[in-house]
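Report on one structure; see the data block that follows.
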Amino acid sequence: MHKGTFHMSRLTDTLAAKLEEAGITQAELARRVGQSQQAINNLFAGRAASSMVWRELARELGIDEQEMRQMMTEAGRDPEKVTSLAGLRKYRAVLPSPREPFPIIRQQEHLPRPNATIGEETNMEPRKKKLLPVLGEAVGGEDGEYIFNGSVLDYVDCPPSLENVPNAYAVYIDGESMVPRFRPGETVWVHPTKPPRRGDDVVIQIHPDNEDDGAPPRGFVKEFVGWTANKLVLQQYNPTKKIEFTREQVVSVHPIILAGKYW
């Protein structure tokens, strides 16, 4: 067994054993630590090596804090590293800025004068890495339903193709309705202003059945087939079937431009 796989197995095996000892479900654990069930499932399934709420998880499961940190570090990620958006901003605030001018090299008399000049010195600020919010709380079911209530589940790195796209976001794939195209636990990155084309994978949002009770839009990840005169037509892979919504039901159709566990 690969060393990293062994360490990840130690983490996931310990979490599973402690959860069973505690007599609670992943859903209940997620509720107690203020995380989505998807985020907790990613950790238990080995798709994530750490969590922003690792101390709370250790406390709820009766794991020594130092042991918890050690297992996560062995699995490939030190939980003490800055990973949250607020933490990243705090980290950037203390980065030194190269404000000292570059040293000037004096022209020596015996050397020929250069026939080109160097431009004025500029204050080179460190490039700030953009993060995108992960939206859509998984509901589950055969169709892989989500709820888009505005809650941010996590933050992920922004790919270059979305750096200048306002309101771009990501979604964690849940369920198997789009296997083999997407598998549970993968991340998809979404372009909210690009028109979808036939064959594109998309994130769609649908008005709730009863908007009067203030329910948020429902969402799905499907393949875009097209529009008819009065319907949106989509394709699902597993089980294979066509899905249709009336135009009045549709809130948005956003194409997925990138997918994978890592990019």
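Every residue gets a Cβ built from N, Cα and C, even glycine.
In Swiss-Prot, the DNA-binding region annotation falls on 26-45 of the listed ranges 26-45, 86-105, 146-165. Listed as Cβ neighbours of the DNA-binding region (26-45) (distance under 8 Å, sequence separation of 6 or more from its ends, same chain) are residues 12, 15-16, 19, 51, 53, 56-57, 60-61, 137-138, 153-154, 172, 174, 185. Applying DSSP to the domain 'HTH cro/C1-type' (15-68) sorts its residues as follows: 36 helix, 0 strand, 18 coil. Looking at the DNA-binding region (26-45) alone, the prediction's average pLDDT is 81.
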